[in-house]
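Please read the structure below before turning to the comments.
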Number of protein chains: 2
Amino acid sequence: MSEIRTDPEGTQDELVPGHGLVAEIAEAVDADDAQRVNALLEPVHGADIADLIEQLTPQRRARFVRLYSGEFDAEILAEIDESIREQVIEQLPAEVLAEAVRDMDSDDVVDLVEDLEGPEREVVLAALDESDRIAVEQSLNYPEHSAGRLMQSEVVTAPEHWTVGETIDFLRAEDWLPDQFYHVVLVDPKRHPVGHVTLGRLLSSQRETKLADITEDSFRTIGVLEDEGDVAYVFNQYHIISTPVVDADGRLVGVITIDDAMNVLDEEHEEDVLRLAGVGEDSHVSDTAMQTARQRLPWLVANLFTASLSAMVISLFENTIAALVTLAALMPIVASTGGIAGTQSLAVAVRGLATRDLNKGNARRVVVRELFAGLLNGLGLAALLFAGGFVLFGDPLLGMVLAGAMMMNQIVAALAGVLIPLLLRRLGLDPALASGTFVTTLTDVMGFFVFLGLATWVLL
Amino acid sequence: MSEIRTDPEGTQDELVPGHGLVAEIAEAVDADDAQRVNALLEPVHGADIADLIEQLTPQRRARFVRLYSGEFDAEILAEIDESIREQVIEQLPAEVLAEAVRDMDSDDVVDLVEDLEGPEREVVLAALDESDRIAVEQSLNYPEHSAGRLMQSEVVTAPEHWTVGETIDFLRAEDWLPDQFYHVVLVDPKRHPVGHVTLGRLLSSQRETKLADITEDSFRTIGVLEDEGDVAYVFNQYHIISTPVVDADGRLVGVITIDDAMNVLDEEHEEDVLRLAGVGEDSHVSDTAMQTARQRLPWLVANLFTASLSAMVISLFENTIAALVTLAALMPIVASTGGIAGTQSLAVAVRGLATRDLNKGNARRVVVRELFAGLLNGLGLAALLFAGGFVLFGDPLLGMVLAGAMMMNQIVAALAGVLIPLLLRRLGLDPALASGTFVTTLTDVMGFFVFLGLATWVLL
């Protein structure tokens, strides 16, 4: 029994036993000491071993896999991050790989195989029993990120007319049952799911009770082509623990469990955070500096061009700046505060779209709210700036220019932050693609233009 | 059986039946038409009704609750967002509230009560049976955001010497069982949990099998004071479906299930996204413009001051700018591209800390990687800028100034993005508090300083 320890330093590293071990493992790998590697990892959970492998340098990783290959099991393999999966599998002896794969649930095999190329894919598929292989190949026929890829094909079903006693006798006789299952799905003769019974209900009911009398009130099925993000949303929204997946004819083809939905939710979040910041969602802690640089360069180059827009706008006002150089020092204030306001509005909108809290039903209200919120904050900031400009420069006109530009840019920022993601969603794109770059370009350009434009008009 | 429909338009609104209804409900509320409200909501899930209530304007919300109060049940109440919980509860007749509360699991009651003030809290607690009330009051004694607040006190236990048959007979005789449970927890005579058995294993084993022979290999308990974020991490990392909670003496006090952990994971995500963008995590789609403005103003004002730092730095170089006004137009390029690079590095670091992929074991490696990634991208962008500066202005020196400043600022940005969150973590603070404002202030100030400083040195 392992217990989660408290973490007085607030670092939380201790929570995950594997993490403190990276240095020790690295040492043992460098010394080619297989025995020590095994001893160190003996008490460690497969999921943590997978994380640990990810944190080794690529050279050490290859040596580690060779040293440790005898202990490589289904659990570790299922948890290995896709970014290093290929490297790990190449190093594993075929029989170890085959053994591990045979112990995996079909959804984990699908997750593993979908990223593999020709020969490795063949090795994995060949290791499976025929029925498992067919199930995996069927799953692979569904589009990526669909419910079909997420489900496992092992489902515990019962005819709708069975009693509790018949079901228990059936379960006791079967030896193929999945490791974890939470419902018995009732199916009609054509394998259409018609309801499900929780195992708790089954256990606490008398043997003669009919299954049909103890099904759950809230029962829903998921179409095999549904997007995995929608599936995760449904699990989270309705506190679902497992639910059947059906094909276009409504026939049962698998079941999705909440732990997989939770993983998807976590991955979708990662996408949102990284996309909003203009980083490819394929970035991993194990990436090298070169990979990291390459992922980020596109947005940086894009920004170079959009920043040139700002430069062009400013260059329109070179005469104004030459006449009053203080303007050059003050102009970033309006632009950068606009950037912050745009980022705030953007984050709230993207998050709202992800949780469906922002939708067609209230989009108009939220846009109007952002408009007024921008106006209110614009007024507040403008008052501060006016006072500041007046006190520091003794010039009420300069204060007015600052205040006016700030107010307009705050409104633009608040609106852009919500309208851009709504527009992207309308176009069928991921709203999180509206990374900061778009919004801050707009607020920069507007900020410089309005400020310098007003200054030219009022001050010169 | 409700089925999730596909969403050919990619808008996903249809997924949630409640959302399209907001306008219709609003109309029925305005017409005081209780019958129509009931008819519209009859097929809608409680969780969606709760979302819908959140999306009404405050005035309509109060009227809605009065119109619909007869139908208000535990499910709706448990899902109502905390931002509007108080308003809704104030409008509910005491007997409706009491009835709903009696149907809730103890963890949902705790979640409801912890945000309520004196009189409403009393009404809710008074509605409970004595044993339930004691359990809820006990939970409330644990700190906010602890496992103790998250757990439900209803746990299905069995003495460690029982057989499958004895356990099933016990379950059939009890009528207090929780709605959903996934394990039977084995306890010793002092109520220390010593293992657990999945219901699937229980159902598929023979009656005479000893529970002790079919416990799960991977069994862990959670301390009642653990932080809920750590609990969510553990559920996600180890694919746990439910796990016992123990007090300081190792005695069983409750159980946490994965659906609650998934909710916590989702909320922690929300916090990360909003904090990174400098928005208080208490922002909701139901907030008014005034509330929205007030939440965001503090970061905006903070930014006003940090942006003044940039202004001060620039004003140091007013003579340089007066001599070469083009510099004023070019200076935002270096600053803004630095801001993007800092945001990228920041997002990756904050996400890595949240998933524990970035930890003590590899922090040094990741910092070095960021340094080199910054250097590489700095070189690439510098080459582009040098070429651009040379072509546009025919001045190799100006190109060199742009390139040099860009390179230095890219390195500063990449390092700041990872070091600031690591430092915050070391100080025991949330790394996501390193919102864009800190990082972009630094990259702005550095960008202007390095660019104008180099220009003064090289060009004048």
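In case you wondered, yes, glycine gets a Cβ from its N, Cα and C as well.
Features of the protein shown, as given by TrEMBL:
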- B:151-213: domain 'CBS' (DOMAIN)
- B:214-271: domain 'CBS' (DOMAIN)
- B:297-317: transmembrane segment (TRANSMEM)
- B:323-350: transmembrane segment (TRANSMEM)
- B:371-393: transmembrane segment (TRANSMEM)
- B:399-424: transmembrane segment (TRANSMEM)
- B:436-459: transmembrane segment (TRANSMEM)
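Residues 278-280, 327, 331, 335, 435, 437, 441, 444-445, 448-449, 452-453, 455-456 of the same chain lie 6 or more positions beyond the ends of the transmembrane segment (B:297-317) yet place their CB under 8 Å from a CB of it. DSSP labels the residues of the domain 'CBS' (B:151-213) in these numbers: 19 helix, 17 strand, 27 coil. For the domain 'CBS' (B:214-271), the model's pLDDT averages out at 93.
Here the domain 'CBS' (B:214-271) is broken down by DSSP into helix, strand and coil counts: 25 helix, 16 strand, 17 coil.
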